[in-house]
Amino acid sequence: MAGRWSAPAEVGRLDSVVAVRQARLSLDGARVGFRTQGVQLRAGVTSVILTDDVPTGRAFSQENLQIEPSNVQTWTATSALIIAEVVGTGVLALGGQMATVGLVFGLAVLVACYPLNLFTALLLWQVHEKLPHVVTLGDALAVLVGPRTGRYGYFVLYTYIFMTMANYMIVLGDAVRSCLYAVEVSRPTACFLGALLLLPLNQFRTLSGLSILSLISFATVLATLVFCLWTLLTTPTCEEGGEGGDSYTQYSSAISGFVFAFAGQHIMLEMQVEMKEPADFPKAVCLAFSVLFVVYMVVCILAFRACAENTPGNILLVLPSDWRKGTCGALMVIHLLVTYTISQQVLNRAVCLFLMPSALGVGGSARAKWFGITTAFMMACCLVANLVPLFQDFVNLTGALLSTQCVFILPGVLSAVSQERQWLRACSWCTVVFGLYLAVSGTICSTAVILRKLVTLCARCFMPIGETAYEGKAKSTCVHPECCAQVMIEEMQDQEAGFLQEQREKKQKNRAEHDIGWSMSLVPSSAPLAEQLGFGELRGLTCLVWDEAARTVRAAPTAEPAAAVNLEYLALALKVRRESRREPLFSLDPVDPKNVETTTQKKRFEPEWLAGTSVGDVMFQADYFLKELALGEYTMPVVGMLSVFDWSEAMGMQDQPWAGREWFVVKKAEVHMAADKTLVPCVKMGVEAREQVVTDDGLKDVAITSPTHPLRRFADAFTRNFDLIAERKSVIFHLRELAKASVIAKFLVDTGARIDEGWATAADEIVANTAPELHPEIPQLWNMRGLSRIRLEHGKIVDMETGCVSNLHAIYGGVEFGLDRFELAQRHALRPGVPGVSMQQAGLQGMQLGPSGRPMFMPQRFQLTQRGEMPQGVDLDLEKFNLSEVESFASLPKLSCESNSVEARATSGKAFLQSLREGTYRTIKEEDLRLLRCMFNPTMADRLEEGDAFIPPNPSLSYVSKMRSLISEEQALFKKRKVSFCDRSFVPGNAGSDFPRSWTSGFKVDNGCSPAALQAMKSALVELQVDGTFQQALLNDILPTAAPEFNKTTEDGATFRIYRLGNLEVRTIQELGGPETVGVVFSLRAPSWNLSSRAGKPVRDEEKVARGQIYVEALDAESARQLDGKWSSKRLDYCHFYVVLETQDGNVLVCEKFPDGSTIMAVNPQGVQDRNSMAKLLASADECEAMEVTVGKVKLVQINHHHKVAEGATPSVRKRFAKAVFSMLRRQAAPRRDRRPYTRRPITGEGSVP
């Protein structure tokens, strides 16, 4: 069934014209559609009657609906309405917009916008002349285009008006807060106060009643402009960096501001309806636009003259917080009340005509209905304005879409379809096109602003991004500068790991191709040579027995390791001594001395026939092993021992490039004789170091004068632990055995012993059966380590390229015994009566080296007087040792055995190793067995693989005491490591000097975080006392199924692990071959900071705040302890905000709100710098003295927000407190920030805080 509202059709000359919308109701099933049409009703019409086809069948009598006359507006009053509607708070921003586009271009745009807006207003006048019955844009579109277009026009118009009214509520609230500048009032409260002021004006139901108020409104705007401009011209407070036009968004927004400075066309049809003479409308609009044009020109020119390109975006911000700010706030309140009333009158009148026409009637009931509708819409505007996030930016977006249609597009369409003149029609369509451009451009700019102000979360830590951020790996992601530094560190660590792995593979390939690396198969056996020389079958250890009368020696079995001599080493050493009157010598020389950095190295043996022999092998492999160990290629053979690179980092010399070399030396050489004439060679070895400097001839050796130099530290540590290293590393042990054989060889030659020719024959056969050297040249040895530091200052990565310090060190060295350079005429007798003592070692003696002329890679030959050629490397020169006499020691036990004894037939070394593994030594004390197990730790000792060639350690008291002392130091260090690991100050990645240096990363972020800050961060760990049952449950049931977050192994094979089980942190330790044990259990708690004030001068309330920063930190304990870890949730509830303020007198204030709702303003708290270094900087404000923010005002804000309640304060409430404090520093003139994303460079925001 269809129905219709109808009215009498007669139309004549009207004494009173009112605009009533005739609603045509079409019912088609469940679908209802509305279309409105304006009609003119004679004042004498008695009723509006529903036709019979309307279901209700009731009529509105004259008493029910009496429309007040409204056609009483003069053209001057209409002009006042236009001025009041058009002029607004946008005039206060014209100065900043002029600064954005420039003075000349800005004035040109302003001049062009004046006739453009005047043209569209006159187009609406022509539409009204053709269709005098239309009231709104929707009415005109329905008549000229069609009903659907008309409905679209209604939607655009009234949606735009509603959003404008809601925005007026926000601006009105800010104006109220300006009036109450001395009292901190929240925006919702200020909006509610503004709504109360609007209640009296809600009774105006026609525009004609607002004419006088419109003049008052314009006067208040002029007065406000006078105050602001006078302040600008007399006391400029503009900050450098206003609204610079260096981005498309700002430039386009500034131009749009000029264009819409004259916008008010959306209600001009309503204004014409209420005029006495609509034909006078051109006079009204020309007068209004001309006045506005003059005002705009004056404001722009004077503001630009005062501040030029630094003109603030809103000149109200230049007012100080005194009576001027309060006065201008009150004036703006009056203006906004009138402006809001004009808009709400149009919207509410339309709603009443649609839904409740009786509200437009006469009488108290009608006015009550009107008041109820206007109040409801006012409250709806308040709610929308305060509940919608980023509402003002959303208004800008809808305004870009809707205002352009109301001002340009829809008027242009109406004019184009109704004009008969071609040039007017063409101009109308040009206006439509221009409006479409403004709509698209404004939408893009507004959307960009909204996206910029949305709370962007860091892609790494999921905390809010502030003013400065860096582009993440993924598309459209950002990270904090602190997180970016961590990402860079991780990338560099990954790159270093990949590079080191590549280098290891390359070195491994070189080692395999050139037979580099000691093998147990290279250890020669004495048994074949003993049988060949006629000494019988000697399968065990072999010694030499001296026949003093015949001056000969014979080989005999022995059980004394100190007296053992390798016969093949001795035969070859005798051959070298007899033929060349020297000891075996080896060096690695660069093939191209002029290109030592890239050239290969040539093996050089003296004499040359040593190449490929067992003596040549042990010298070369020992030489190479020392260099590899110094370069950190292997795990150190002694617990706590550091490589040269490690010492370089520990001594802080990683920034100092240097070059040097290390080589073996003999510190002492003697020959003792036991009671049975057994010869006991005694040698003490060590390592020497030399630094190298660049000269015209290349790198030259210089003595190391500093005892803390890395080369010297490594050499001293190796020398001190040489015997322990020799017991663990086979190549070093057999190098010492070669030195002992060389000592015996020199003794035999120097004493004129009658050596059997069989020794020479055997040596010749060994040399003849030796295969030629397959690899006379090998690649040079190298190593490098990256050490980088990224420095953070004020939330930015400072000088990313030069700030990343990366140094590469290289060290080269060799082995050189030089026994001929020592004078050993004095011998030391052993004290009698001490059982088990075979020899007494003398103290260390110095060694004088000649100058070195060789560069860099291997030790230079020493310039000695004995002979002209003396290559570097392994030099067993014993010329300075006087070994022509020996001294007999009757107190020594018998060391040699008979050829048919058990010692001659058994290999004691293999039996020793088997008993050591099985623990079957029954005659050894438990402490001695532990000593042997520590000495031959499988992770550090490769001598366990020697098998039959193994020689047990020297059982002498002095030697055992020395080993026990060194092992005790290792055990003491392990205990210290256990204590440090179980302490809450232990930080993975920065373990400290007690642990291997590999546990401490060489890539660090320098953010000013002191060790005290790390300790404060560890305050989140609380140690729990757990019983044995709980520990066993952890070890047996829980930990086996959990993956450790930290898992590192020390040199001795002990493993340290950290498990994370919810809020528990379990740290375990597992010694080599032992069970895993729980070291400590921590509970993760909230971090605590010491907010107590440190000693200093007191702070005064009148002190001005000079600068401020707002920070965000993790809230829960797990995230607080690891700020850079990824969280399982992206909720902002995990964040805590606080503000740090610094006064002109240097006092520091920390303001924050706690979870219980209480607030604090801590003065000069302890550890604030450390806390800031671990938080994320969101925004900063510098040079804030002009803001007139004093300590007293900050204290007042803190007191007003102090509301300690049982239910506590939400994270959002705590954030709002921090923002309220920080916004005081930016309320007047926020500096410009341009947000431009680009890789690895800062993205700075506009000064907004998320």
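Backbone N, Cα and C define each Cβ position, glycine as well.
Looking at 584-606, 1228-1250, the stretch flagged in TrEMBL as region 'Disordered' turns out to be 1228-1250.
The stretch from 75-94, 101-125, 370-391, 397-417, 429-451 that makes the most Cβ contacts under 8 Å with the transmembrane segment (281-304) is 75-94. With a cut-off of 8 Å between Cβ atoms, the residues of this chain six or more beyond the transmembrane segment (429-451) that come close are 116, 119-120, 123, 248-249, 252-253, 256, 259, 390, 393-394, 396-397, 399-401, 404-405, 407-409, 411-413, 415-416.
Of the ranges 154-173, 213-233, 397-417, the one with the most Cβ pairs under 8 Å to the transmembrane segment (370-391) is 154-173. The stretch in 75-94, 101-125, 154-173, 397-417 that contributes the largest number of Cβ pairs under 8 Å to the transmembrane segment (213-233) is 75-94. The listed stretches are 75-94, 154-173, 397-417; of these, 397-417 has the most Cβ pairs under 8 Å to the transmembrane segment (101-125).
Outside the transmembrane segment (397-417) by six or more residues, the chain places 117, 120, 123-124, 126-127, 137, 140-141, 144-145, 153, 156-157, 159-160, 163-164, 256, 260, 263, 265-266, 424-425, 428-432, 434-436, 438-439, 441-443, 445-447, 450 with a CB less than 8 A from a CB of the stretch. For the transmembrane segment (154-173), same-chain residues at least 6 beyond its ends with a Cβ under 8 Å from one of its own Cβ atoms are 36, 89, 136-138, 187-188, 190-191, 193-195, 198, 266-267, 332-333, 336-337, 339-340, 343-344, 346-347, 350, 377-378, 381-382, 384-386, 391-392, 395, 398-399, 402-403, 405-406, 410.
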